[in-house]
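Beneath this line is the structure, given in structure tokens, with notes to follow.
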Amino acid sequence: MEEKSCHLLVLYASQTGNAMDAAERVGREAECGGCPSVQVLPIDRFEASCLPDEEIVIFVVSTTGQGDIPDSMKVFWRFLLQRNLSNQWLEGLHYAVFGLGDSGYQKYNFSAKKLDKRLSDLGAKPLIEKGLGDDQHPSGYEGALDPWLLSLWKMLNTVHPNILPRVSDIMDPSKRSLDHAKIEVIYHSSDKMQPDLLTAYDLEILEKVIESACSMSPAQFHYHDKKPQYLLQLITNQRLTNVDHSRDVRHFEFEASSNVIDYQVGDVLEILPSQNPAAVDAFIQRCNLDPNCYITVKARDTEKQSIYKSIKSLVRPIKLKNFVELTMDVASASPRRYFFEVMSFYATAEHEKERLQYFASPEGMDDLYQYNQRERRTVVEVLEDFPSVQMPFEWLVQLVPPLKTRAFSISSSPSVHPNQVHLTVSIVSWTTPFKRTRHGLCSSWLAGLDPFKSCVVHIPAWITRGSLPPPPPSLPLILIGPGTGCAPFRAFVEERALQNLTRSTSPILFFFGCRNQSVDFLYKNFWVAQAQDDGVLSADKGGGFFVAFSRDQPQKIYVQQKMKEESKGIWSLLSSGAAIYIAGSSTKMPADVTSTLEEIIAVESGMSKESAARWLRLLEKAGKFFIEAWS
């Protein structure tokens, strides 16, 4: 028993890499505190049936989509839900749960909350209250992780004094040491390499370069398939909002360069964006790297080597510059705190070392937020601010934020636009407190592409299932999609209009919202046409199209008000078996719209608000209430 209590197991379930980063920090701090045995594992590499054999387990889990558990956790979670497990199955286990989520979503940190309850139900004892990291916090999830870890180490030291014999060292920056990077970079002689240029017109070569880069990236889980499903060409780049309007929303149309695009309405298109070539060159020059040398990248970590072995056939040496361009976000994402800690070990100027150590400490968290996250400083900018730092490329590969795919709801029907896919995208830009203008990487890059230029840009893309399943023609629909939330519903309405030509279809009520009728009424002509005559949104078909212009009058009007005005029609359609689909910004809209629906159901049916909320939950369980939201 004494020997077993010296072992600390950290299991993480990550969808985008944040939970892995947090779990590795838990492991590093435990080692710093003198823990004799620390193991950090992805949850899908641990056999759930062995959980009773452990004494102390720390879980770090993210929540994805609309309260969903990460893909890597699904097998583990199904095992825990087995009915034959007794309430004493885990009575010897002490555990702690830290969740990563976004409070802008209704099911905030749902995975962590469910896991915490289930472990407790099975007899495990929590060391401390679950921690809930929030993307909305100024410092991101670390704003909650810092105090949570402090409480965890104090409690562990009380319950198991022998597990952290040097617990005070965890909070002492001078006691920290730097191990080797978890990444190994192998350099190859360029004489033996074939010139696979990223600008090559041979699409097969381009696909292989992207596949190899994504396969070698430490953040492989960002890519559903290492090889792009499609290489798309932009054929339409149309601004939907007025040119003089501050908000720039675009309609993009793409075609596949070779194979046929296969998708259904409600699907999501994920795009791997291109970075500014000047920024990539600046990073390579600042780090004294050779852009034309050929490299392969693999894990030193024995736990992760098996992953690399499984994809070894996909890996071929590629140019360092291509690897940076395709996998390392050097010019839009801000580095995490550990980046500053590692930098401090390589700073040769004493004042830089002291400042970096301060930024990496809990005391410096607020100042780091002001310097880094609030200004959205990029990796290139941070490195330029600390010129004495020369980090080995292995550490840069490990710590530079991964270049992530960007996901967009598809706004076209494949039946109406064969071999095309359309997107409705808000071009992101903002000004920082120090008056720096920042631009969203993917949206700004797409907006800058000219489909009529002779030089064709091939866009790596993947299609995945979204949160909005395609409805059958016989299903009545209530759609609520303000702003760019209308994107998936343009696809729904297009498809139903085509179905309506050959068969009987059920009605659709669509509630849309924007600021002004004259400047940002997205797809106005399309909606109005479908609301007239025999269109699928017309009153003659039992449907309706209702728009809230929030700024066209002194009193702001939102979709919720329009919904209340049509409460009888909404309840009538719900009573006939309609499904509800909501899409748009995750900030307040989904919660406000859901609350309005509960109010409408309560008023029109005569039931209480609590009963109306339960009625909606049953609708969700029946597969007739869906939300797709984005921050």
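Cβ atoms here come from the backbone N, Cα and C positions, even for glycine.
Counting Cβ atoms from all protein chains shown, THR64 (FMN binding site) has 20 others lying within 10 Å of its own Cβ. Residues annotated as FMN binding site in TrEMBL: SER14, GLN15, THR16, GLY17, ASN18, ALA19, SER62, THR63, THR64, GLY65, ASP135.
Under the heading FAD binding site, TrEMBL lists ARG376, ARG406, ALA407, PHE408, SER409, GLY440, LEU441, CYS442, SER443, TRP630.
Per TrEMBL, NADP(+) binding site is recorded for THR484, SER550, ARG551, LYS556, ILE557, TYR558, VAL559, GLN560, ASP592.
Taken from TrEMBL, the feature domain 'Flavodoxin-like' applies to 8-153.
Summarising the annotation, TrEMBL assigns domain 'FAD-binding FR-type' to 227-471.
Counting other CB atoms no more than 10 Å from each candidate's CB, the binding-site residues SER14, SER62, SER443, THR484 peak at SER62. Per the record's binding annotation for NADP(+), residues THR484, SER550, ARG551, LYS556, ILE557, TYR558, VAL559, GLN560, ASP592 show a top Cα-Cα distance of 19 Å.
The Cα atom of SER409 (FAD binding site) lies nearest to that of THR64, taking the binding-site residues THR16, ASN18, THR64, ASP135, ARG551 as the candidates.
With a cut-off of 8 Å between CB atoms and residues at least 6 apart in sequence, the same chain places TYR558, GLN560 near ASP592 (NADP(+) binding site), listed in sequence order.
Between the C-alpha atoms of ASN18 (FMN binding site) and ALA407 (FAD binding site), the distance comes to 17 Å. Using Cα positions, the member of the binding-site residues LEU441, ILE557, VAL559 nearest to SER62 (FMN binding site) is identified as LEU441. For the binding-site residues LEU441, VAL559, the ranking by surrounding Cβ atoms (within 10 Å, all protein chains) places VAL559 first. Binding of FMN is attributed in the record to SER14, GLN15, THR16, GLY17, ASN18, ALA19, SER62, THR63, THR64, GLY65, ASP135, and the widest Cα separation among these residues amounts to 15 Å.
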